Amino acid sequence: MSTKFSFTPSQDQAIHQTGNNLLVSASAGSGKTRVLVQRVIERLKTGVGIDQILIVTFTKAAAAEMRERIQTALRQELAVSQGDSAQQQFYLRQLNQLPVADISTLDAFCLRLLQRYYYVIDLDPVFRLLADETENGLLRDEVWADLREDLYANDDSGLFARLTENFSGDRNDQGLADLVQQTYTFANATPNPTAWLAELPQPYQLDSDQLMTTSFYQQRLRPFFQSQLQQLQADLTSAQALANQAGLDKQAAHVTAVLENVAAVQQLVTGDSWNALRAAIQDFAWGRMPAVRKTNEDYPIYNELKTTYYDPARKQLDSLKKTYLIQDEQQAMTTIRRSGELVGELSRVVTAFRTAYRQEKQRRHVLDFADVEHAALAILTQDSDQSRQVAAQLRHQFAEIMVDEYQDTNGLQEAILTAIAEPAPQGNLFMVGDVKQSIYRFRQADPTLFMTKTDQYAADAAAGELIVLAENFRSMKNVDDFTNLIFKQLMDRELGEIDYTGAAQLKFGASYYPDTVTSTAELLVYLTEDAPESAGDADSEAMDATFQVDNKHQGEVLMVGQKIQQLIADQTPIYDREAKQVRPMTYGDITLLTPTRTNNLIITDELRRLGIPVVVNDARNYFKTTEIQIMMALLQIIDNPYQDIPLAAVLRSPIVGLNENELALLRINQRTGDYYQAVLHFQRSFVPNQASDFQQAVYQKVSHFLEQLQEFRDIAQQDELVTLIWRIYQETGFLDYVGGMPAGEQRQANLHALYERAKSYEQSSFKGLFQFVRFVERLQERDDDLAGAPVQAADDAVSVMTIHGSKGLEFPVVFIMDASRQFNKQDQQGNYVMSGKTGIGIDYLDPDSRVKAPSLQKLVTAQAISRASLAEEMRKLYVALTRAESRVYIVGSHKTQEAAISAWEQAYQSPNLVLNATLREKNTLANYLDWIGMCLVRDPKFAAELRQGTTTFSGLAGDPATFAVHFVTAHDLGPTQGVNETAVDWLQAASETAAKVTTPPVDTEQLHQIMDFRYPHQAATATTAYQSVSEAKRLFEDPDNATIGEYQASATGQVGGHRFVTHDFARPDFLQTVREPLATEIGSATHLVLQQLDVTVTPTLDRVQGVIDQLVADQVLTAEVAQRIQPELILRFFSSSVGQQVLAAPDQLHREVPFSLLMPARSLFQDFQETDSQVLVHGIIDGYLTTPAGVILFDYKTDHVNAQNQAASIEKIVERYGGQVNLYAAALKQMTGQPIVGQYLYLLAIGELVAVPEQQVRRLSE
C-alpha cells in the first residue's frame, strides 16, 4: 500500500465538487472520514477559513477525532508549503483557530447559539444544562405528579379519569404516566411539538358517515388492504402458473376459482361498504384443493405450489380477517370516535405537561438538550427582525455546512440545519452518511430524511446531487461477498427502506490484503435438544457426570470459547493493517458483538473460566454485580427497613453473614408480619441464659447489624449521601472485603463508581437517600447502568460490546453473538403504539362492557412500526457484519439441525432473489440467524454441504461468497479445561507452597511496640482545623462544662471528629406538599430586612414594609415568607437603647461583618495536650456600633419565647447563644483593638433587647 492515499473517482468528486448541496452515501469502510477531512483541506486551499465551516458530528468523540485529523492534515500542508510565506501564514492562522472552530455535535452548536443570541427569544442566559437523563426523568416525574393532582381535581367532564382507566392498571396509573412521557419525547423530536400534539386526534376525526369513504380509510387503510391482496394475488398466480406447467389441471382450475374470488374482494376494497368487505373476507370460499398422492410423480410440484404459494396466501387472508375485520362498521366507527376523544384528551394533557415542565425548568434555571435545540430553532426561525438577522448572519458566516452521520438526524435537527444553510440551487450543505447504518431509531433518528433527499436529488438536479462511495477499504473480499449475499436477498425498499442493489452493494476495495490470509464466514449453531451420540461410552458417561451446559446461552458461549481457543492455538494468520504485516492472531484481534447487554455476565464468566482474557467495553451489567446489589439493598433498607427482599439480601450478605438456617430462625421466632419486625422481635425477646450457642451467635450478628443500621439511618438524615456511603464502606469493611474476591480490583472500582455517582447526583437538583434510590431504580428501568470505573485490562484480551457500541469501529475477527434472539417488539404491543410520522394508535376500553378492542388506527400504525423496526434490525445486522476485516462468525442456537434447516427452507417459497416480505416479517423467523439461514439455504454451496439434492435458487449459482455452517451439541463441547484448577487442587498447591516458605524469628518486643504505638497528636487528627461559630457556639451551652467534646476512640478504631453540625435539617422539597415557611427561612429573611433597612432616616412601618416588598419584587424573598415577617417587631429595635444609638450615629454602624479568628485548640477542646495547635473559627456578626467608650455588639435572634414563662425562656436563649456572642466579642476585640462595652441579643419574637453577661466575654478572651 502506498504511503500517500489515492482517492477513487467518486471520493475525488466528493472532495472537490462544490456549488450545490451534496449527499454522499458512504458504505461501510468507504473512508468517509478521510474524505471529510480532505474536503476541509481542499476548501481551505480555496481561501475559505476554518471559522467559515460548520462541521456537525453525531458524537463528541467523533468531533474530537475530526478536529485531530484536520490538525494533522494542516500540519502536513504547513510542512509542504515551505518557501511560501503567505501560504504558511494562512495555515498557521487555521491551526490557531482550529481549537475554537465549529466542529461539534449539533447539541453543542445549538448551545453556543443560545449563549450568544439568547436575547432574541428573551431567554434567561443563566441556566444549567440538564445533561443527566435520569435527573431529567426524576424532574419530569415530579412535575407530572403535581399536574396529575390538578387534572384529577378539575376533571369536570370525567374525560381524564377515562383516559387514566384506559391506559392504567387496577393498582396505579403508571401506564398513563408512561404514555405521557413517551408522547412528550416524540413531540420534542419534531420541529413544532405543539402542532404535532394538536394533530394527534386528526386521524380519528371521521369526515363521513361511512367508514370506507373517510379520509382515514382512503389514505391509510385502503392502500394497505390493496397491497396485501396484491401480494396474495401474486402468490396464487404463481401457483396457477406452476399447476398449468405441470399439467395439474384440477389444481389449476381450483386456484383460478380462488383468484376470481380474490378479484371480487379487491373490487369491494375500493367500494364504500365495510360490512360487505368484511362479509366477503369472513366467508371467503377457498374450497378444497384437490390432493395429489405422495406416490404420484407430480407430488413434488403439487407440494411446492401448495406450501410455497397457496398456503401462505390463505394464511395472509386469514390474518386480515382476524386482525382488521373483527368489528362491523358501527362498532369500528364507535371505537374510532371514542378513541379519538381519548387521544384528544391525551393531546391536551401532554400540552399541559409541556407547559408545566417548561415553567419548572425556568424556575430552576435549567434546560435539557431538547430545550436547547428548540430554542436554537426559535432563534433562527421565529417571525422577528432579530431572528432573520441572526439567520442571515450565520448563512453569511458559513461557506459550507458539513453533516456527518446524516442518516441519524431527526426532523428537528434537519430544520435547524436548513435554517442556516443556503437554499438550492446555491446550496452549501455537504451531508455524508449511510442509510444502511441508521440504527438509532430509539433516539428518534429518521432515516427517511436521507432517502427523501436521495429521491429528490435524483428527480431534480437543481436541488442537489448524490455521490455514492461503495468501495470497502476495510474488509477482505469474502466479507464483502458474504454481506452482499445476505442483503441482496434481505433488504429492499418495501421492508428495509432501501433497495440493496447496484451502488448500494459493497465493492471490494482493500486490495492490500495478501493471499496468505484467508477470510471466512461461518454460522455456529448450538443445538439445544440433540443428545450425545455415544451415551453408552464409558468416557462419555464419565464426562456427562462432571460436565453440564445449563442453558443455550452458556452453550453458545462455550462454543465460541472453544473456537477462540482453536484459532489462537492454530496461530491463525491475520493481516495487521497498522504494521502492514501478517502475524498470528491474538485475543486482542477478536471482538464479540451482542444485540443487547443481557448475556454479558455469562460471556465474561464462561470465557474467563476457559482462561480467555476478556474485557467488556460497555458492560452495563453494573447493577447485576454482587457488590452493587448488596450495597443498593443496604441503601434501600436504610431508607426503609420494612422491605423484606432487600433486608434478606443484606442479612445474607457478608456484611451481616447470616446463613439460611439463621435466617429461618428469625422467621420462626415470629411467623407473621414483615421480616424486619421478626428481626426486631428476636432481638428484644432474646433471653441470654435460655439461649443455645446457635441462638447466641445469631443474636450477636443481629444486634451488631441493628446498631449499624440505626447509625446509618441517623447519618442518612443528618449528612450527605456520600458521607453515608463512605461510612458504610469503613464501618462494614465491605470495600476491603470485595477486594479479596475474584476480580476484586474491578469490584472495588464498581463501589467507588457508586460513590462517585452519588456525589454527582447530589450536585443535581435532587437530594437525599430516598431520591437517590429512586434515581438508581430509574437508571435500571432505562437500562442505563452506571458503568463501573474501568480497571486497566490487558491489551491482549477479547473485547465484548454491543452492536450499537461497535458502530464506526473495525476488528479483524468478529463473532455476532445471540443471533437467534427474537427481535424486540415491545414498541408494537401494549395499549398503544406511537410513531413520529403516523401519530398514535390506541386500544379502546369500553367502560360498560369492559371489552378492550384495538382501533383501526392502532392496527395501521402498528404495521408501520413493525416494518420500521424490522428495517432497523436489518441495518443493525449490516453494521455487525461490516465491522469484520477478515473473519465473521454468526452464533446462535436451534433445537435440532433438522429444525433449523426446515425453518430456513421456507425461503424456497420466494420465487425472486429478495425473500418474500411475509417470510421476513414472520414472527418465528424474526432473528438474525434465521434471516441469514434463509439467505444461505438457497445457495448451491449450502445444498452441496448439508442437503444433497435440494432445490436451489438459480440467481445465486455464481455467487462468489464462501461460507460454512457448523452444528454443535453439548456432547461436542465436552468438559472444558480452563486455567483455574479445582478448589482441591488449588488448596493442595497452596499448602505445598506454604510449607516451603521460611520466615525469620519474630521479635516480640518490636511487635508490641508496633501494635501499641499511639500517634502523639491523635487528638489533632480528630479535630477539623476549621470551625464555624454556629458549630462552636455549643461550647458555652453548659456553664459547668465548657468543652465541645472529649476525644475517645471507638472499638473499631474510628474516631468521631471534633466538629459539631446541626441536626435540624429542613424537610426536603420533594417530601413537601403545601408547606409553610420554616422558622429558619423567616429568621434569615428578617435578618436581610434589617441589613437592607436605611438607618440614615428614622425607620417607619411603611419604610420597613417597603424594603420587604422590594425584596419580593427582586425575587429574593417569596411572598409566603414575606407575609410572615413582622415589621412592627423590627421597628421596635430602634426604640431600644442600642437602636437609639444606631440612629444617632448611623455612620458608626457595621452590619453583616464576616470575620475569621485563630484560637488555641485547647480553649475549645479540653483533651488537647499540644500547646501550639490552633483552630480557625469563622462567622458573620449581625451588627456592632463603635462609640468613644468602646464597641457595642448586638445579634438578632428569632427564637420562640415562651409567653407563659418568659424569664426562664429568655435565660435559656442567653445560655444557648452566650458562647456565640462571646466568640463575636473576642473577634471584635482583636479586630478593632477596642474594649467591648456591651453585648446584646435582640429577640425579634418579643421585640426586646437582652444583655449577655460580660464575664463570659472575659473568660474567653483572657
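Each residue, glycine too, has its Cβ placed from N, Cα and C.
Annotation source Swiss-Prot lists domain 'UvrD-like helicase ATP-binding' at 5-476. The ATP binding site annotation in Swiss-Prot covers A26, S27, A28, G29, S30, G31, K32, T33 and is backed by sequence analysis. Residues annotated as domain 'UvrD-like helicase C-terminal' in Swiss-Prot: 515-808.
Annotated features, which come from Swiss-Prot, shown on the structure.
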residue : record           : Cβ neighbours (10 Å)
A26     : ATP binding site : 27
S27     : ATP binding site : 26
A28     : ATP binding site : 26
G29     : ATP binding site : 21
S30     : ATP binding site : 27
G31     : ATP binding site : 22
K32     : ATP binding site : 22
T33     : ATP binding site : 17
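The secondary structure of K32 (ATP binding site), as reduced to three states from DSSP, is helical. Under the three-state DSSP scheme, S27 (ATP binding site) falls in the coil class. Other than the site residues A26, S27, A28, G29, S30, G31, K32, T33, same-chain residues with C-beta atoms no more than 8 angstroms from the centre of those residues' C-beta atoms, the ATP site, are V35, D434, L469, N472, F473, R474. Confidence over the domain 'UvrD-like helicase ATP-binding' (5-476), given as mean pLDDT on the 0 to 100 scale, stands at 93.
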